Each structure stands twice: as C-alpha cells, then as structure tokens.
C-alpha cells in the first residue's frame, strides 16, 4: 500500500491557488449584506419605540425569535430549495413562503446563511407557478411539494415575495446567480396584470378572483401600502398610485362607515353599489368574514408600517382610534386581547393569540400617548412561547418593526 505523501506549499503554489480562487465565477459566491441586521431605521418624526428596554436588548430578542422561528418552520425541500412548514402535516402556502423570504432578507448579517435560505426559497417559488400567471405562485402545496386545492395564487403571498426580492436587490445586489431586481419586477408586473382589478384599482383576493362574486372583493390584510409604493418606485408604473389611493380610500370608508368607535377592519370587503362594506358571513372562509378576525388581525402591522416608513397620514385617524380603543378595551394588558372582534368591539374570539396582540404594538408606535401600551405589547411578545407558524410569524415581524429594524426599498 502506498504511503501518503506530505504536502509543502511553495510561494508559487500559493499564488496559483489564490489566482484560481479569484477566477471562481461570482455566481458561486454570496455577497456581503449591505443592510445587515440590526439596522436601527429612523422612522417618521413623532413615532416611538419601546423605551423600557435597551436597543441592544430589543435586537437580542428579535434574534432569539428568529432563531426559534427558523428552527421550527424553515425546512429543506429537496436539493437547493427551502420552504416554510405551514402545518404539522408538512403543507405550505404562498403566504408562508412570502414570510420566509421577507424574514431571511431582513435577518441577513446576523444569520450568515440568510442568502442561502433566500435563494432556496426563491427556487421553490419558481418551481410552483400559478396556472393563471406563471410569475405568481400557486398558493398551496402538500408535504410532497405538489400543488393542492387549485394551482392559483393568493395576493398576499405574491406581494410579499415580490417585495422581498426588491429588498434582496438592496441587500446583496442583483449581479449574482439570481437577478433579484428583475425577478421582483416580473412579479410586480404580474400582480398588476392578475391580482389588481384595474376597473376599480383594488387588490383582488388572488389571480382566480375574476367572476362576479369575487372580482370586486378585497382583503384588508393585503393592504400593504409600503409594498405598493415600493412597487411603483421599482417599476415606474404610475398605475400603482391608483391602487395606493384607492386602498387608503377604502380604509377610511370602512372606518367612517362601520368602525368609527374602534378603527377595526374586517377580514373581507365587498363593493355594494358604490360603497365598500364588510363581507357577509361565509363569504369565503367562515362566519366571521365581516369581522376583525384571523386575516385582518394583521392590519395594524401592515397599515401602520407605511406611516412609520413614509409619514403618509391618510390612515392615521383610523390607526389612532384603534390604538385608543384596544388599549382601553383590555385595560392596557395585552394578555386580555381576544382572537376576534366584531367591528363594534364586541368579542367574538374565545382566547388569546399572538397574531392579535403583537400587531397592536406596531400601530401603537404612531404616537407617544401609546408609550405604556407599546411597552406592554413588546414585553408580552418578546417573552411569548411558540404558538404556531401563523402566530409566530406575525410576532416576529411585529418585533422587527417595533425594535426599529424594518427597512424599505
């Protein structure tokens, strides 16, 4: 048997190795993040953050929440792909996929594998196109990664995936193996084509919602105003301004007409004549379709984020009323927040949920009058245990925003 020979590197050999390394194509290397976590973004003047804990402590809490989320829900999906485990049986949905792509791009810098995860999530998205528009994502897959329950899209997943790609362009640039910016623009244009009702300039429920029953319906949890502004900035498509303006109009119409005492928004909205109103029971998902339930619980986070990032005050009255109502309703204790309310404030839920209390922390950031309430929501959220994919995702994003670590395109 031959004996191994020892290696000794001459200076020439070292130079050759270094030259070979430099000749490796850029597509095989990952870029250093331009906006590593934590970012400590300056939000709109007059807005607040929790002031009973240090910035370092908030950053550490977000890191811990991310580590827990990643361990529980971010999973491999074959070679070179990742997905977000939505249910214990292994099913996933495009909503979850969008959350995964957003979280990985935001946590880059702290998490050294963030770009690997992001690119793997992108490849999974590419492998599951909607049957109606191939740039959008089929909304649900089973544990074998096969499309189930219809291969069409859901608007919220489409929007988060597109927005995450814009952030990825800012985070890592688009000169590597994936042109993040172009991919994002492609999805944005597909959203305009298939997820926007261009006769009303409203967001559809998905690319499937074109018949008379659903074509004029919309879902307030999709009212991601800052996403819409980023879409316009990235593409230069002025039509996005129509969608932004109409979305704010609907928020204020619902607030003035149906929830002036609470500021709450319903899960689903329909057009009746020329008026947008809460959907009736069992419109799409269940008895609480016209109430503040498991879709619209995200609206304090989604809508308030645009105010924090841009200062756009068109929904500020609605947000302020909601902040005042909920803090009084629960006597300043987020543990008393229930998982469901009618728009008049009557409780419909039976218990507590992080999906409901955490987003109220984001909306509380609009004014210093909410400081004690915001501090309480932060403490409750940061100290919470795992509940499930949906609750834990919303808690993570709410904490990212509350800690001052959200940023935009």
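Even glycines carry a Cβ here, placed using N, Cα and C.
Quick look at what Swiss-Prot lists:
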| type | residues | note |
| --- | --- | --- |
| ACT_SITE | 95 | active site, proton donor |
| ACT_SITE | 156 | active site, nucleophile |
| SIGNAL | 1-31 | signal peptide |
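Reported as a whole number, the C-alpha separation between residue 156 (active site, nucleophile) and residue 95 (active site, proton donor) equals 6 Å. Cβ neighbours of the residue listed as 'active site, proton donor' (same chain, under 8 Å, six or more residues apart in sequence): 86, 139, 154, 156, 157, 160. A simple way to gauge crowding: the CB of the residue listed as 'active site, nucleophile' has 27 other CB atoms within 10 angstroms, across all the protein chains here. The DSSP secondary structure for residue 156 (active site, nucleophile) is helix.
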